[in-house]
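**Q** Can you keep this structure in mind? I'll have questions shortly.
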2 protein chains.
Amino acid sequence: MFYIIGLGLSDEKDITVKGLEVVKACSRVYLEAYTSILLVPKENLEEFYGRPLIVADRDMVETESDEILRDADKEDVALLIVGDPFGATTHADILLRARSLKIPTRVIHNASIMNAIGACGLQLYNFGQSVSLVFFTDTWKPDSFYDRIKENVEIGMHTLVLLDIKVKEQSEENLARKIYEPPRYMSIPTAVSQLIEIESLRSEGVLSPETTLAISMSRVGSEQQRIVCGTLAELASLDNEVFGDPLHSLVIVGKRLHHLEVEFAEEWATDKANWRKVARESYAVALDEPST
Amino acid sequence: MFYIIGLGLSDEKDITVKGLEVVKACSRVYLEAYTSILLVPKENLEEFYGRPLIVADRDMVETESDEILRDADKEDVALLIVGDPFGATTHADILLRARSLKIPTRVIHNASIMNAIGACGLQLYNFGQSVSLVFFTDTWKPDSFYDRIKENVEIGMHTLVLLDIKVKEQSEENLARKIYEPPRYMSIPTAVSQLIEIESLRSEGVLSPETTLAISMSRVGSEQQRIVCGTLAELASLDNEVFGDPLHSLVIVGKRLHHLEVEFAEEWATDKANWRKVARESYAVALDEPST
(Lines of atoms letter the chains of each structure in order from A and count residues from 1; the text may use other names and numbers.)
(Lines give C-alpha, C1' and ligand atoms only; values in the text may rest on other atoms or scores of the structure.)
Protein backbone atom coordinates (compact mmCIF):
# COMPACT_ATOMS: atom_id res chain seq x y z
CA MET A 1 0.00 0.00 0.00
CA PHE A 2 1.17 3.53 -0.78
CA TYR A 3 0.07 6.00 1.89
CA ILE A 4 0.03 9.76 1.64
CA ILE A 5 -0.23 11.15 5.15
CA GLY A 6 -0.91 14.73 6.21
CA LEU A 7 1.20 15.99 9.11
CA GLY A 8 -0.85 19.03 10.03
CA LEU A 9 0.69 22.44 10.48
CA SER A 10 2.96 22.78 13.42
CA ASP A 11 4.94 19.96 15.02
CA GLU A 12 5.49 16.21 15.37
CA LYS A 13 2.37 15.72 17.51
CA ASP A 14 -0.01 17.09 14.88
CA ILE A 15 -0.02 13.77 13.05
CA THR A 16 -3.18 11.74 13.63
CA VAL A 17 -3.12 8.56 15.68
CA LYS A 18 -4.03 6.67 12.50
CA GLY A 19 -1.19 8.33 10.60
CA LEU A 20 1.33 7.58 13.32
CA GLU A 21 0.39 3.90 13.36
CA VAL A 22 1.03 3.71 9.62
CA VAL A 23 4.33 5.61 9.85
CA LYS A 24 5.61 3.16 12.44
CA ALA A 25 4.64 0.15 10.31
CA CYS A 26 5.98 1.19 6.88
CA SER A 27 9.19 -0.09 5.28
CA ARG A 28 10.12 3.35 3.96
CA VAL A 29 8.80 6.78 4.89
CA TYR A 30 9.48 9.88 2.78
CA LEU A 31 9.06 13.44 4.00
CA GLU A 32 8.09 15.89 1.28
CA ALA A 33 10.06 19.04 1.90
CA TYR A 34 9.29 21.78 -0.54
CA THR A 35 5.64 22.85 -0.68
CA SER A 36 5.50 23.79 2.98
CA ILE A 37 7.40 23.26 6.21
CA LEU A 38 6.62 22.27 9.74
CA LEU A 39 7.76 24.57 12.50
CA VAL A 40 10.15 21.95 13.91
CA PRO A 41 13.18 20.23 12.31
CA LYS A 42 13.05 16.78 10.74
CA GLU A 43 14.98 15.34 13.68
CA ASN A 44 12.05 16.04 16.03
CA LEU A 45 9.80 14.02 13.77
CA GLU A 46 12.27 11.15 13.53
CA GLU A 47 12.69 10.99 17.28
CA PHE A 48 8.96 11.08 17.98
CA TYR A 49 8.04 8.64 15.21
CA GLY A 50 10.93 6.40 16.23
CA ARG A 51 12.24 5.91 12.69
CA PRO A 52 14.35 7.57 10.00
CA LEU A 53 12.68 9.71 7.32
CA ILE A 54 13.92 10.09 3.75
CA VAL A 55 13.72 13.69 2.59
CA ALA A 56 11.98 13.97 -0.76
CA ASP A 57 12.63 17.28 -2.45
CA ARG A 58 10.84 18.61 -5.51
CA ASP A 59 13.14 16.78 -7.95
CA MET A 60 12.50 13.49 -6.25
CA VAL A 61 8.71 13.78 -6.01
CA GLU A 62 8.42 15.02 -9.60
CA THR A 63 11.01 12.94 -11.42
CA GLU A 64 11.78 9.95 -9.21
CA SER A 65 8.30 8.99 -8.13
CA ASP A 66 8.93 5.41 -9.23
CA GLU A 67 11.69 5.18 -6.64
CA ILE A 68 9.27 6.39 -3.96
CA LEU A 69 6.68 3.87 -5.16
CA ARG A 70 9.18 1.00 -5.45
CA ASP A 71 7.74 -2.28 -4.06
CA ALA A 72 4.68 -0.49 -2.67
CA ASP A 73 2.59 -3.26 -4.22
CA LYS A 74 4.26 -5.70 -1.82
CA GLU A 75 5.06 -3.57 1.24
CA ASP A 76 3.86 -0.37 2.89
CA VAL A 77 5.46 2.92 1.87
CA ALA A 78 4.42 6.38 3.05
CA LEU A 79 4.92 9.92 1.83
CA LEU A 80 4.43 12.56 4.54
CA ILE A 81 3.08 15.93 3.51
CA VAL A 82 2.98 19.04 5.68
CA GLY A 83 -0.65 20.08 6.09
CA ASP A 84 -3.06 17.91 4.12
CA PRO A 85 -2.12 15.85 1.05
CA PHE A 86 -4.73 17.80 -0.93
CA GLY A 87 -4.00 21.22 0.50
CA ALA A 88 -2.14 23.70 -1.63
CA THR A 89 -1.12 21.06 -4.17
CA THR A 90 -2.97 17.84 -4.85
CA HIS A 91 -0.17 15.33 -5.33
CA ALA A 92 -2.38 13.90 -8.02
CA ASP A 93 0.66 13.10 -10.17
CA ILE A 94 2.12 10.50 -7.84
CA LEU A 95 -1.31 9.02 -7.10
CA LEU A 96 -1.97 8.70 -10.85
CA ARG A 97 1.41 7.04 -11.26
CA ALA A 98 0.61 4.59 -8.43
CA ARG A 99 -2.72 3.85 -10.05
CA SER A 100 -1.05 3.08 -13.37
CA LEU A 101 1.37 0.73 -11.56
CA LYS A 102 -1.65 -0.95 -9.90
CA ILE A 103 -0.41 0.02 -6.45
CA PRO A 104 -3.25 0.53 -3.96
CA THR A 105 -3.22 3.95 -2.29
CA ARG A 106 -4.68 5.47 0.82
CA VAL A 107 -4.83 9.08 2.00
CA ILE A 108 -4.79 10.08 5.66
CA HIS A 109 -6.05 13.63 5.98
CA ASN A 110 -5.07 16.38 8.35
CA ALA A 111 -5.53 20.10 8.85
CA SER A 112 -4.18 22.36 6.14
CA ILE A 113 -3.86 26.11 5.92
CA MET A 114 -6.92 25.96 3.63
CA ASN A 115 -9.19 25.16 6.57
CA ALA A 116 -7.16 26.17 9.64
CA ILE A 117 -7.25 29.77 8.37
CA GLY A 118 -10.78 29.72 9.82
CA ALA A 119 -9.15 30.36 13.20
CA CYS A 120 -9.19 34.07 12.28
CA GLY A 121 -12.94 33.89 12.84
CA LEU A 122 -14.13 34.50 9.28
CA GLN A 123 -16.61 31.88 8.05
CA LEU A 124 -14.88 29.44 5.67
CA TYR A 125 -18.13 29.40 3.68
CA ASN A 126 -17.39 32.89 2.49
CA PHE A 127 -13.89 32.37 1.16
CA GLY A 128 -13.57 32.49 -2.60
CA GLN A 129 -10.69 31.07 -4.61
CA SER A 130 -7.23 31.19 -3.03
CA VAL A 131 -4.24 32.90 -4.58
CA SER A 132 -0.47 32.51 -4.33
CA LEU A 133 1.90 35.42 -4.14
CA VAL A 134 5.49 34.91 -5.30
CA PHE A 135 8.53 37.04 -4.47
CA PHE A 136 8.81 39.87 -6.99
CA THR A 137 12.14 40.61 -8.60
CA ASP A 138 13.15 43.79 -10.41
CA THR A 139 12.16 42.24 -13.70
CA TRP A 140 9.45 39.75 -12.77
CA LYS A 141 6.26 40.83 -11.07
CA PRO A 142 3.56 38.34 -12.00
CA ASP A 143 0.16 39.84 -11.21
CA SER A 144 -2.42 37.26 -12.22
CA PHE A 145 -3.42 37.00 -8.54
CA TYR A 146 -4.86 40.49 -8.91
CA ASP A 147 -7.55 39.32 -11.34
CA ARG A 148 -8.51 36.51 -9.01
CA ILE A 149 -8.72 38.75 -5.96
CA LYS A 150 -10.85 41.08 -8.08
CA GLU A 151 -13.28 38.24 -8.84
CA ASN A 152 -13.58 37.50 -5.14
CA VAL A 153 -13.92 41.15 -4.14
CA GLU A 154 -16.71 41.71 -6.65
CA ILE A 155 -18.85 39.04 -5.03
CA GLY A 156 -17.87 39.91 -1.46
CA MET A 157 -15.72 36.85 -0.80
CA HIS A 158 -12.63 36.65 1.40
CA THR A 159 -9.32 35.67 -0.19
CA LEU A 160 -6.66 33.48 1.35
CA VAL A 161 -3.27 34.63 0.05
CA LEU A 162 -0.59 31.95 0.30
CA LEU A 163 2.87 33.47 0.59
CA ASP A 164 5.91 32.28 -1.30
CA ILE A 165 8.38 29.80 0.15
CA LYS A 166 11.77 29.46 -1.51
CA VAL A 167 13.49 26.26 -0.51
CA LYS A 168 16.55 24.87 -2.30
CA GLU A 169 16.63 27.73 -4.81
CA GLN A 170 19.79 28.34 -6.80
CA SER A 171 21.30 31.66 -7.79
CA GLU A 172 22.24 32.12 -11.46
CA GLU A 173 25.96 31.71 -10.84
CA ASN A 174 25.32 28.51 -8.90
CA LEU A 175 22.88 26.92 -11.33
CA ALA A 176 25.42 24.35 -12.49
CA ARG A 177 26.58 23.48 -9.00
CA LYS A 178 24.71 21.92 -6.12
CA ILE A 179 24.85 25.10 -4.06
CA TYR A 180 21.56 26.41 -2.74
CA GLU A 181 20.41 29.72 -1.37
CA PRO A 182 19.22 29.85 2.24
CA PRO A 183 15.46 29.29 2.47
CA ARG A 184 13.28 32.39 2.24
CA TYR A 185 9.74 32.82 3.49
CA MET A 186 7.64 35.77 2.46
CA SER A 187 6.58 37.97 5.36
CA ILE A 188 3.36 39.94 5.75
CA PRO A 189 4.93 43.39 5.15
CA THR A 190 6.50 42.13 1.89
CA ALA A 191 3.24 40.53 0.80
CA VAL A 192 1.16 43.60 1.55
CA SER A 193 3.61 45.95 -0.16
CA GLN A 194 3.53 43.73 -3.26
CA LEU A 195 -0.28 43.81 -3.25
CA ILE A 196 -0.28 47.59 -2.96
CA GLU A 197 2.35 47.87 -5.71
CA ILE A 198 0.18 45.93 -8.15
CA GLU A 199 -2.91 47.91 -7.17
CA SER A 200 -1.06 51.14 -7.96
CA LEU A 201 0.08 49.71 -11.32
CA ARG A 202 -3.31 48.32 -12.32
CA SER A 203 -5.49 50.95 -10.59
CA GLU A 204 -8.71 48.96 -10.86
CA GLY A 205 -9.75 49.76 -7.31
CA VAL A 206 -9.66 46.16 -6.11
CA LEU A 207 -7.57 46.95 -3.05
CA SER A 208 -7.32 50.14 -1.07
CA PRO A 209 -4.51 50.66 1.44
CA GLU A 210 -6.78 52.68 3.72
CA THR A 211 -10.10 50.85 3.41
CA THR A 212 -9.30 47.21 2.64
CA LEU A 213 -9.15 45.13 5.79
CA ALA A 214 -6.84 42.15 6.10
CA ILE A 215 -5.94 39.56 8.70
CA SER A 216 -2.48 38.07 9.02
CA MET A 217 -1.88 34.71 10.63
CA SER A 218 1.57 33.48 11.62
CA ARG A 219 2.43 29.88 12.55
CA VAL A 220 -1.20 28.78 12.39
CA GLY A 221 -2.03 25.97 14.77
CA SER A 222 1.10 26.28 16.89
CA GLU A 223 1.39 27.62 20.42
CA GLN A 224 3.22 30.55 18.84
CA GLN A 225 0.31 31.38 16.56
CA ARG A 226 -0.17 35.10 16.14
CA ILE A 227 -2.99 37.00 14.45
CA VAL A 228 -2.78 40.67 13.50
CA CYS A 229 -5.43 42.59 11.63
CA GLY A 230 -5.97 46.02 10.23
CA THR A 231 -6.04 47.90 6.95
CA LEU A 232 -3.45 47.02 4.31
CA ALA A 233 -1.64 50.29 5.04
CA GLU A 234 -1.52 49.48 8.75
CA LEU A 235 -0.14 45.98 8.17
CA ALA A 236 2.46 47.27 5.68
CA SER A 237 3.69 49.80 8.23
CA LEU A 238 4.31 47.29 11.02
CA ASP A 239 7.74 45.94 11.78
CA ASN A 240 8.26 42.34 10.69
CA GLU A 241 8.86 41.40 14.33
CA VAL A 242 5.19 42.02 15.06
CA PHE A 243 4.38 38.98 12.94
CA GLY A 244 7.29 36.88 14.18
CA ASP A 245 8.86 33.87 12.55
CA PRO A 246 7.47 32.19 9.41
CA LEU A 247 5.14 30.90 8.08
CA HIS A 248 2.84 33.82 7.42
CA SER A 249 -0.53 33.78 5.66
CA LEU A 250 -2.81 36.64 4.77
CA VAL A 251 -6.57 36.99 4.37
CA ILE A 252 -8.06 39.86 2.41
CA VAL A 253 -11.45 40.50 3.97
CA GLY A 254 -14.40 40.54 1.57
CA LYS A 255 -17.54 42.61 1.98
CA ARG A 256 -19.67 39.70 3.15
CA LEU A 257 -18.69 40.41 6.71
CA HIS A 258 -20.76 39.90 9.84
CA HIS A 259 -20.53 42.04 12.95
CA LEU A 260 -19.66 38.96 15.04
CA GLU A 261 -16.65 38.34 12.78
CA VAL A 262 -15.53 41.96 13.21
CA GLU A 263 -15.89 41.66 16.98
CA PHE A 264 -14.11 38.30 17.10
CA ALA A 265 -11.06 39.65 15.24
CA GLU A 266 -11.04 43.03 16.96
CA GLU A 267 -8.92 41.60 19.76
CA TRP A 268 -6.04 41.29 17.27
CA ALA A 269 -6.50 44.66 15.53
CA THR A 270 -3.44 46.85 15.43
CA ASP A 271 -5.79 49.82 15.89
CA LYS A 272 -9.10 48.64 17.33
CA ALA A 273 -10.94 51.91 16.77
CA ASN A 274 -9.90 52.09 13.13
CA TRP A 275 -10.74 48.40 12.61
CA ARG A 276 -14.33 49.07 13.70
CA LYS A 277 -14.47 52.36 11.81
CA VAL A 278 -13.44 50.80 8.49
CA ALA A 279 -15.75 47.82 9.04
CA ARG A 280 -18.64 50.23 9.65
CA GLU A 281 -17.92 52.76 6.93
CA SER A 282 -16.34 50.73 4.12
CA TYR A 283 -17.87 47.32 4.76
CA ALA A 284 -21.30 48.55 5.91
CA VAL A 285 -21.21 46.27 8.96
CA ALA A 286 -23.81 47.20 11.55
CA LEU A 287 -21.70 47.88 14.64
CA ASP A 288 -22.43 49.91 17.71
CA GLU A 289 -20.72 53.27 17.87
CA PRO A 290 -18.00 53.24 20.53
CA SER A 291 -19.39 54.16 23.93
CA THR A 292 -18.12 57.56 25.00
CA MET B 1 -7.58 26.19 29.68
CA PHE B 2 -10.54 25.66 27.37
CA TYR B 3 -9.62 23.48 24.38
CA ILE B 4 -11.58 23.05 21.20
CA ILE B 5 -10.30 19.95 19.47
CA GLY B 6 -11.03 18.75 15.95
CA LEU B 7 -11.66 15.00 15.61
CA GLY B 8 -11.25 14.68 11.86
CA LEU B 9 -13.79 12.96 9.71
CA SER B 10 -14.05 9.26 10.22
CA ASP B 11 -13.25 7.42 13.43
CA GLU B 12 -11.61 7.53 16.87
CA LYS B 13 -8.08 7.33 15.44
CA ASP B 14 -8.40 10.50 13.36
CA ILE B 15 -7.70 12.64 16.41
CA THR B 16 -4.17 14.07 16.45
CA VAL B 17 -1.60 12.85 18.96
CA LYS B 18 -1.66 16.34 20.48
CA GLY B 19 -5.44 16.25 20.72
CA LEU B 20 -5.46 12.83 22.35
CA GLU B 21 -2.96 13.92 25.00
CA VAL B 22 -5.23 16.82 25.92
CA VAL B 23 -8.37 14.66 25.96
CA LYS B 24 -6.74 12.27 28.39
CA ALA B 25 -5.65 15.08 30.71
CA CYS B 26 -8.86 17.16 30.90
CA SER B 27 -11.29 17.18 33.84
CA ARG B 28 -14.32 17.24 31.55
CA VAL B 29 -14.63 16.49 27.84
CA TYR B 30 -17.70 17.39 25.78
CA LEU B 31 -18.56 15.94 22.40
CA GLU B 32 -20.46 18.30 20.14
CA ALA B 33 -23.09 16.24 18.38
CA TYR B 34 -25.14 18.22 15.95
CA THR B 35 -23.18 19.94 13.20
CA SER B 36 -21.67 16.71 11.89
CA ILE B 37 -21.10 13.14 12.94
CA LEU B 38 -18.25 10.68 12.97
CA LEU B 39 -18.80 7.35 11.27
CA VAL B 40 -18.46 5.44 14.54
CA PRO B 41 -20.56 5.62 17.74
CA LYS B 42 -19.57 7.64 20.80
CA GLU B 43 -18.72 4.44 22.67
CA ASN B 44 -15.81 3.75 20.30
CA LEU B 45 -14.38 7.15 21.13
CA GLU B 46 -14.82 6.64 24.86
CA GLU B 47 -13.13 3.27 24.78
CA PHE B 48 -10.18 4.48 22.70
CA TYR B 49 -9.75 7.74 24.63
CA GLY B 50 -10.17 5.84 27.91
CA ARG B 51 -12.65 8.28 29.39
CA PRO B 52 -16.33 9.25 29.40
CA LEU B 53 -17.56 11.98 27.05
CA ILE B 54 -20.44 14.33 27.78
CA VAL B 55 -22.67 14.78 24.74
CA ALA B 56 -23.29 18.45 24.02
CA ASP B 57 -26.26 18.99 21.74
CA ARG B 58 -27.19 22.25 20.06
CA ASP B 59 -29.16 23.49 23.10
CA MET B 60 -26.23 22.95 25.36
CA VAL B 61 -23.58 24.57 23.14
CA GLU B 62 -25.81 27.55 22.39
CA THR B 63 -27.56 28.20 25.68
CA GLU B 64 -25.47 26.47 28.34
CA SER B 65 -21.99 27.43 27.26
CA ASP B 66 -21.26 28.70 30.76
CA GLU B 67 -21.76 25.17 32.06
CA ILE B 68 -19.28 23.87 29.47
CA LEU B 69 -16.83 26.61 30.44
CA ARG B 70 -17.31 26.13 34.19
CA ASP B 71 -13.97 26.25 36.08
CA ALA B 72 -11.99 26.25 32.81
CA ASP B 73 -9.93 29.09 34.29
CA LYS B 74 -8.68 26.65 36.94
CA GLU B 75 -8.73 23.28 35.18
CA ASP B 76 -8.64 21.90 31.65
CA VAL B 77 -11.91 21.40 29.78
CA ALA B 78 -12.26 20.29 26.15
CA LEU B 79 -15.00 20.45 23.54
CA LEU B 80 -14.58 17.92 20.73
CA ILE B 81 -15.82 18.86 17.28
CA VAL B 82 -16.18 16.50 14.33
CA GLY B 83 -13.92 17.75 11.52
CA ASP B 84 -12.15 21.01 12.38
CA PRO B 85 -13.36 23.53 14.98
CA PHE B 86 -13.49 26.16 12.23
CA GLY B 87 -14.96 23.98 9.52
CA ALA B 88 -18.57 24.46 8.62
CA THR B 89 -19.31 26.55 11.71
CA THR B 90 -16.78 28.63 13.57
CA HIS B 91 -17.77 28.11 17.21
CA ALA B 92 -16.86 31.76 17.61
CA ASP B 93 -19.69 32.24 20.12
CA ILE B 94 -18.25 29.98 22.79
CA LEU B 95 -14.72 31.32 22.19
CA LEU B 96 -16.00 34.88 22.58
CA ARG B 97 -17.78 33.86 25.79
CA ALA B 98 -14.57 32.27 27.10
CA ARG B 99 -12.68 35.43 26.24
CA SER B 100 -15.18 37.57 28.14
CA LEU B 101 -14.80 35.24 31.15
CA LYS B 102 -11.00 35.61 30.87
CA ILE B 103 -10.58 31.89 30.24
CA PRO B 104 -7.57 31.07 28.07
CA THR B 105 -8.43 29.03 24.96
CA ARG B 106 -6.55 26.82 22.55
CA VAL B 107 -7.64 25.25 19.27
CA ILE B 108 -6.29 21.93 18.00
CA HIS B 109 -6.98 21.66 14.29
CA ASN B 110 -7.82 18.67 12.15
CA ALA B 111 -9.08 17.83 8.70
CA SER B 112 -12.54 19.07 7.78
CA ILE B 113 -14.72 18.45 4.78
CA MET B 114 -13.66 21.94 3.63
CA ASN B 115 -10.15 20.68 2.81
CA ALA B 116 -10.52 16.88 2.60
CA ILE B 117 -12.87 17.38 -0.35
CA GLY B 118 -9.63 17.89 -2.28
CA ALA B 119 -9.37 14.09 -2.40
CA CYS B 120 -11.63 14.24 -5.46
CA GLY B 121 -8.62 15.65 -7.28
CA LEU B 122 -9.88 19.17 -7.98
CA GLN B 123 -7.48 21.90 -6.89
CA LEU B 124 -8.71 23.49 -3.64
CA TYR B 125 -7.42 26.80 -5.01
CA ASN B 126 -10.26 26.84 -7.48
CA PHE B 127 -13.15 26.33 -5.09
CA GLY B 128 -15.34 29.37 -4.58
CA GLN B 129 -17.71 29.91 -1.67
CA SER B 130 -19.41 26.83 -0.19
CA VAL B 131 -23.15 26.37 0.07
CA SER B 132 -25.47 24.37 2.28
CA LEU B 133 -28.49 22.52 0.98
CA VAL B 134 -31.36 21.83 3.39
CA PHE B 135 -34.13 19.26 3.02
CA PHE B 136 -37.00 20.75 1.04
CA THR B 137 -40.55 20.36 2.30
CA ASP B 138 -43.76 20.84 0.33
CA THR B 139 -43.97 24.42 1.52
CA TRP B 140 -40.34 25.40 2.15
CA LYS B 141 -37.75 25.34 -0.60
CA PRO B 142 -35.11 27.90 0.25
CA ASP B 143 -33.05 28.65 -2.84
CA SER B 144 -30.47 31.23 -1.83
CA PHE B 145 -27.77 28.64 -2.57
CA TYR B 146 -28.66 29.05 -6.24
CA ASP B 147 -27.43 32.64 -6.32
CA ARG B 148 -24.18 31.62 -4.69
CA ILE B 149 -23.58 28.74 -7.06
CA LYS B 150 -24.29 31.18 -9.87
CA GLU B 151 -21.57 33.53 -8.60
CA ASN B 152 -19.11 30.64 -8.55
CA VAL B 153 -20.16 29.32 -11.96
CA GLU B 154 -19.76 32.73 -13.56
CA ILE B 155 -16.10 32.88 -12.57
CA GLY B 156 -15.38 29.20 -13.23
CA MET B 157 -15.06 28.11 -9.60
CA HIS B 158 -16.03 24.75 -8.13
CA THR B 159 -18.68 24.67 -5.41
CA LEU B 160 -18.70 22.41 -2.37
CA VAL B 161 -22.31 21.64 -1.48
CA LEU B 162 -22.76 20.57 2.14
CA LEU B 163 -25.80 18.36 2.58
CA ASP B 164 -28.33 18.68 5.37
CA ILE B 165 -28.10 16.67 8.56
CA LYS B 166 -31.16 16.47 10.78
CA VAL B 167 -30.28 15.32 14.26
CA LYS B 168 -32.65 15.58 17.23
CA GLU B 169 -35.39 17.20 15.17
CA GLN B 170 -38.94 17.24 16.55
CA SER B 171 -42.15 16.78 14.61
CA GLU B 172 -44.86 19.37 15.13
CA GLU B 173 -46.99 17.12 17.30
CA ASN B 174 -43.97 16.32 19.48
CA LEU B 175 -42.67 19.87 19.88
CA ALA B 176 -43.78 20.06 23.51
CA ARG B 177 -42.39 16.65 24.39
CA LYS B 178 -38.84 15.36 24.41
CA ILE B 179 -39.49 12.98 21.53
CA TYR B 180 -37.18 13.23 18.56
CA GLU B 181 -37.31 12.06 14.98
CA PRO B 182 -34.71 9.54 13.83
CA PRO B 183 -31.65 11.29 12.33
CA ARG B 184 -31.78 12.02 8.60
CA TYR B 185 -28.85 12.62 6.28
CA MET B 186 -29.35 14.02 2.82
CA SER B 187 -28.21 11.67 0.07
CA ILE B 188 -26.70 12.56 -3.29
CA PRO B 189 -29.83 11.71 -5.35
CA THR B 190 -31.96 13.93 -3.11
CA ALA B 191 -29.43 16.74 -3.27
CA VAL B 192 -29.09 16.60 -7.04
CA SER B 193 -32.84 16.44 -7.60
CA GLN B 194 -33.29 19.52 -5.38
CA LEU B 195 -30.62 21.37 -7.38
CA ILE B 196 -32.34 20.46 -10.64
CA GLU B 197 -35.73 21.46 -9.22
CA ILE B 198 -34.51 24.94 -8.37
CA GLU B 199 -32.79 25.29 -11.75
CA SER B 200 -36.09 24.48 -13.46
CA LEU B 201 -37.90 27.03 -11.28
CA ARG B 202 -35.34 29.80 -11.70
CA SER B 203 -34.23 28.93 -15.25
CA GLU B 204 -31.11 31.10 -15.17
CA GLY B 205 -28.96 28.46 -16.79
CA VAL B 206 -26.63 28.02 -13.83
CA LEU B 207 -26.94 24.24 -13.80
CA SER B 208 -27.66 21.88 -16.62
CA PRO B 209 -28.63 18.26 -15.94
CA GLU B 210 -26.86 17.08 -19.09
CA THR B 211 -23.77 19.30 -19.18
CA THR B 212 -22.95 20.21 -15.58
CA LEU B 213 -20.40 17.81 -14.09
CA ALA B 214 -20.43 16.92 -10.42
CA ILE B 215 -18.45 14.72 -8.06
CA SER B 216 -19.99 13.00 -5.06
CA MET B 217 -17.95 11.91 -2.09
CA SER B 218 -19.27 9.59 0.60
CA ARG B 219 -17.63 9.03 4.00
CA VAL B 220 -14.60 11.15 3.10
CA GLY B 221 -11.41 10.00 4.79
CA SER B 222 -12.69 6.60 5.86
CA GLU B 223 -11.78 3.20 4.45
CA GLN B 224 -15.33 3.15 3.08
CA GLN B 225 -14.82 6.38 1.15
CA ARG B 226 -16.54 6.32 -2.22
CA ILE B 227 -16.34 8.81 -5.06
CA VAL B 228 -18.79 8.87 -7.97
CA CYS B 229 -18.81 11.44 -10.72
CA GLY B 230 -20.84 12.31 -13.77
CA THR B 231 -23.38 14.80 -14.99
CA LEU B 232 -26.12 15.92 -12.64
CA ALA B 233 -28.64 13.83 -14.58
CA GLU B 234 -26.43 10.76 -14.26
CA LEU B 235 -25.97 11.19 -10.51
CA ALA B 236 -29.70 11.79 -10.00
CA SER B 237 -30.51 8.58 -11.83
CA LEU B 238 -28.30 6.34 -9.71
CA ASP B 239 -29.67 4.23 -6.90
CA ASN B 240 -28.83 5.54 -3.46
CA GLU B 241 -26.94 2.31 -2.76
CA VAL B 242 -24.28 3.39 -5.24
CA PHE B 243 -23.29 6.13 -2.82
CA GLY B 244 -23.67 4.01 0.31
CA ASP B 245 -24.15 5.15 3.87
CA PRO B 246 -23.92 8.81 4.96
CA LEU B 247 -22.32 11.32 5.04
CA HIS B 248 -22.49 12.51 1.45
CA SER B 249 -20.97 15.67 -0.01
CA LEU B 250 -21.23 17.05 -3.52
CA VAL B 251 -18.96 19.16 -5.68
CA ILE B 252 -20.32 21.08 -8.66
CA VAL B 253 -17.45 21.30 -11.11
CA GLY B 254 -16.61 24.80 -12.37
CA LYS B 255 -15.20 25.65 -15.77
CA ARG B 256 -11.67 26.20 -14.52
CA LEU B 257 -10.90 22.56 -15.03
CA HIS B 258 -7.58 21.01 -16.02
CA HIS B 259 -7.20 17.87 -18.09
CA LEU B 260 -5.25 16.19 -15.28
CA GLU B 261 -8.22 16.74 -12.96
CA VAL B 262 -10.56 15.18 -15.51
CA GLU B 263 -8.24 12.21 -15.89
CA PHE B 264 -7.79 11.82 -12.14
CA ALA B 265 -11.56 11.66 -11.51
CA GLU B 266 -12.35 9.60 -14.60
CA GLU B 267 -11.72 6.42 -12.60
CA TRP B 268 -14.86 7.18 -10.60
CA ALA B 269 -17.08 8.29 -13.49
CA THR B 270 -20.37 6.47 -13.79
CA ASP B 271 -19.95 6.71 -17.58
CA LYS B 272 -16.30 7.33 -18.44
CA ALA B 273 -16.90 8.14 -22.08
CA ASN B 274 -19.57 10.69 -21.28
CA TRP B 275 -17.43 12.20 -18.50
CA ARG B 276 -14.68 12.92 -21.05
CA LYS B 277 -17.16 14.04 -23.69
CA VAL B 278 -18.81 16.63 -21.43
CA ALA B 279 -15.43 17.82 -20.14
CA ARG B 280 -14.27 18.31 -23.72
CA GLU B 281 -17.41 19.82 -25.20
CA SER B 282 -18.96 21.78 -22.34
CA TYR B 283 -15.87 22.60 -20.27
CA ALA B 284 -13.47 23.10 -23.20
CA VAL B 285 -10.86 20.86 -21.58
CA ALA B 286 -8.16 19.75 -24.01
CA LEU B 287 -8.42 15.96 -23.89
CA ASP B 288 -7.34 13.36 -26.35
CA GLU B 289 -10.10 11.79 -28.36
CA PRO B 290 -10.60 8.20 -27.28
CA SER B 291 -8.33 5.85 -29.19
CA THR B 292 -10.39 3.74 -31.56
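Yeah, the Cβs are placed from backbone N, Cα and C, and that goes for glycine too.
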**Q** In TrEMBL, A:LEU9, A:ASP84, A:GLY87, A:SER112, A:ILE113, A:LEU163, A:HIS248 are given as binding S-adenosyl-L-methionine, so which of A:VAL55, A:VAL192, A:VAL220 is in that site too?
**A** A:VAL220
**Q** Of all the Cα pairs drawn from A:LEU9, A:ASP84, A:GLY87, A:SER112, A:ILE113, A:LEU163, A:VAL220, A:HIS248, the residues the record ties to S-adenosyl-L-methionine, which distance is largest, in Å?
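**A** Largest pairwise Cα separation, rounded: 17 Å.
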**Q** Identify which of the binding-site residues A:LEU163, A:VAL220 has its Cβ surrounded by the largest number of other Cβ atoms within 10 Å, counting every protein chain shown.
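**A** Per the Cβ count, the most surrounded site is A:VAL220.
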**Q** Taking Cβ atoms only, which of the binding-site residues A:GLY87, A:SER112, A:ILE113, A:HIS248 fall under 8 Å from chain B?
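**A** Correct list, in sequence order: A:GLY87, A:SER112.
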